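*Asks:* Sharing a structure, written as structure tokens. Questions coming.
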């Protein structure tokens, strides 16, 4: 159908997340053009993917001078660029490197595809989304309904871990995860899980802690060789496919994402969002939550606000 013609760019396409993410996008009938950008290896990654027997046309773009061409006419831009975590690092430790990378790339998006949906994977998401917003404001093209912090991996993990504990099919489990995308700002709403599940308090606390620290679990297991790349690529692709479905007019598409928000005292907050042709159709808010979950929301606030302010301050001084 003429609607399945999404033009998608991946910025950071040669990296640990970028390559498997690009593979999943190339494999989708929703994508007609795949533009791959990085500062190294993109011609090779593009050549490799271009041999796959699906219709998405793949092109590789190398280095800053080719970035404008990569972005022209794009409907969706996904940004996994940046450095991964090493053991002992927090997501916030990545700030200094990744903040400038995201500011530079989103600045190019604001110039060359101001209408595109921007999906940021680069950590720390709690700061890189405020950076993206401020950059778009600077260029006078800011639309809060089109800028998304991809937190889908938290949802994917919550679904998997709940399913494991309850002996359910993970594909049928759906746990909303709200808040942010780092440590205790990650707030799984197990009380809103479908199908309904119950855990004793000690098990609930352990499960919640595992969801919050699942990224660190992978960083440790990889022992210095990187962070979550394959599961992140899966989650990133899942979010992009939902977004493109909604842009194509599919109704009732809901995903959680870290976005500009009025739902709490934090200026950015992840909640379930109804997606539509123009990005966020409606913020569905937090809904009814338990006292345990309320306490987590309250405890996340100061860290969230600090990370957001850090991002905003960085963007204001970025040339």
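Quick reminder: no glycine exception, Cβ is built from N, Cα and C everywhere.
All annotation found in TrEMBL is predicted automatically rather than curated by experts.
So TrEMBL lists these for the protein:
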| type | residues | note |
| --- | --- | --- |
| ACT_SITE | 181 | active site, proton acceptor |
| BINDING | 12, 13, 14, 15, 16, 17, 18, 38, 98, 121, 122, 123, 232 | NAD(+) binding site |
| BINDING | 85, 91, 123, 157 | substrate binding site |
| DOMAIN | 7-149 | domain 'Lactate/malate dehydrogenase N-terminal' |
| DOMAIN | 151-314 | domain 'Lactate/malate dehydrogenase C-terminal' |
*Asks:* Would you list the DSSP helix, strand and coil counts for the residues of the domain 'Lactate/malate dehydrogenase N-terminal' (7-149)?
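*Replies:* In the domain 'Lactate/malate dehydrogenase N-terminal' (7-149), the DSSP-based counts are 65 helix, 30 strand, 48 coil.
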*Asks:* Over the domain 'Lactate/malate dehydrogenase C-terminal' (151-314), work out the mean pLDDT and round it to an integer.
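*Replies:* Within the domain 'Lactate/malate dehydrogenase C-terminal' (151-314), the model's average pLDDT equals 98.
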*Asks:* Given the binding-site residues 14, 122, which one has the fewest other C-beta atoms within 10 angstroms of its C-beta?
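*Replies:* Fewest other Cβ atoms within 10 Å, among the binding-site residues 14, 122, is found for 14.
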*Asks:* Among the recorded positions 85, 91, 157, 181, whose Cβ has the fewest other Cβ atoms within 10 Å?
*Replies:* 85
*Asks:* Quick check for the class: what is the C-alpha distance, in angstrom and rounded, between residue 157 (substrate binding site) and residue 232 (NAD(+) binding site)?
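*Replies:* Just about 10 Å between their Cα atoms.
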*Asks:* Reported as an integer number of Å, what is the Cα distance between residue 12 (NAD(+) binding site) and residue 123 (substrate binding site)?
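*Replies:* Computed Cα spacing between residue 12 (NAD(+) binding site) and residue 123 (substrate binding site) is 13 Å.
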*Asks:* Of all the recorded positions given, namely 14, 18, 98, 181, 232, which is spatially nearest to residue 85 (substrate binding site) at the Cα level?
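*Replies:* Ranked by Cα distance from residue 85 (substrate binding site), first place goes to 98.
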*Asks:* Write out, in the order they occur in the sequence, the residues of the chain not among 85, 91, 123, 157 that have a C-beta within 8 Å of the mean position of the C-beta atoms of the recorded substrate site.
*Replies:* 124, 181, 182, 215, 216, 219, 227, 228
*Asks:* Residue 123 (substrate binding site): which of the recorded positions 14, 16, 18, 98, 181 have a C-alpha within 10 angstroms of it?
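*Replies:* 98, 181, listed in sequence order.
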*Asks:* For residue 232 (NAD(+) binding site), which residues of its chain lie six or more apart in sequence with Cβ-Cβ distance below 8 Å?
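*Replies:* The answer is 17, 21, 80, 121, 153.
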*Asks:* Pop the Cα-Cα gap between residue 91 (substrate binding site) and residue 181 (active site, proton acceptor) into the table, whole Å please.
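*Replies:* Distance between the two Cα atoms comes out at 9 Å.
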*Asks:* Give the sequence-ordered list of residues that share a chain with residue 16 (NAD(+) binding site), lie 6 or more positions from it, and have CB atoms under 8 Å from its CB.
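*Replies:* Once residues fewer than 6 apart are set aside, residue 16 (NAD(+) binding site) is near 84, 226, 227, 229.
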*Asks:* What Cα-Cα separation, expressed in whole Å, is found between residue 18 (NAD(+) binding site) and residue 91 (substrate binding site)?
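*Replies:* The Cα atom of residue 18 (NAD(+) binding site) is 18 Å away from the Cα atom of residue 91 (substrate binding site).
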*Asks:* Cα distance, residue 91 (substrate binding site) to residue 14 (NAD(+) binding site), nearest Å?
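*Replies:* Distance between the two Cα atoms comes out at 21 Å.
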